[in-house]
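Here is the structure we will look at.
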Amino acid sequence: MTANSSRYRSRAPRSEDAEEKDYVGFATLPNQVHRKSVKKGFDFTLMVAGESGLGKSTLVNSLFLTDLHKDRKLLNAEERIHQTVEITKHTVDIEERGVKLKLTILDTPGFGDAVNNTNSWTSITDYIDQQFEHYFRDESGLNRKNIQDNRVHCCLYFIPPFGHGLRPIDIQFMQALQEKVNVVPLIAKADCLTPAEIKKLKERLREEIDREGIKVYQFPDCDSDEDEEFKRQDKELKESTPFAVIGSNTVVEARGQRVRGRLYPWGIVEVENPSHCDFVKLRTMLIRTHMHDLKDITNDIHYENYRAQCIHTMTRCVCVCVCVTHTRTRNARHSRALNR
């Protein structure tokens, strides 16, 4: 009886005090990181590029449910032709369920509107490099605690739906930016095309991007432990690129519901209807599933390449200075020896 009682006691559940002694506490690290990140907030810089009239501003407003261009002056055709490419910056603080996002939108008015667009992307690549330079300088300084990250994390490039594939300027632009930023090509104004035309254009664009060796943003492979729903969604996103998108700032009545869309004589095009366009897929990729990956690639690949190049250049300059100093010292000694 005593032995059985002893054996029974040994199998009894451990007390909370005993479990507390064996509990170190590092299992709370994810919660600590989450609290710190939410308190600090997040930042994301998105660049939109493409010729005028492709709905860039409208799409951004639709993505983030905000109006970033309230006071924008619309230029006529003649003014757009003579306009130079410049970067306009719009920053807005968005909060959703206690999570704060500092969103910066970079527009590129004037790009692709001139008669001669040779090297019209230079001001854009220069701007991206300038942000890398500012971050590198701040990172190399003494006060690294409050570094402002203004690096460009993603560039949405709008391709006109009217052509039969990539134009020379499309190819040259994406090739110029592919080593500096995550380029996500989009088919603009998808409501101008039938579903069959969209499918055909997507296939042609994918072939031309591959043939020209253009490095657009690549979705990371799913981990083996991801749930099946996430894997299915990720596969669907990959197969839908380049996304065919529509934007709208107006709300219309459709099937008894108020939705964002465009009203035509033949019917209503709904922005958030997956059977009408890829807007929801773009929003899912850009905001809900891959925003952090876009930031990681910017920091770990594009910025690191720039940083390595800067360090290499600085090292060469130091070596040259040392060689020059050594040569001058040797020549001075030689001159003194001759004078004696």
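Glycine residues also receive a Cβ, built from the backbone N, Cα and C atoms like all the rest.
Per TrEMBL, the range carrying the annotation region 'Disordered' out of 1-20, 221-240 is 1-20. Within 10 Å of the C-beta of Phe162 (site 'Important for dimerization') there are 9 other C-beta atoms, taking all protein chains into account.
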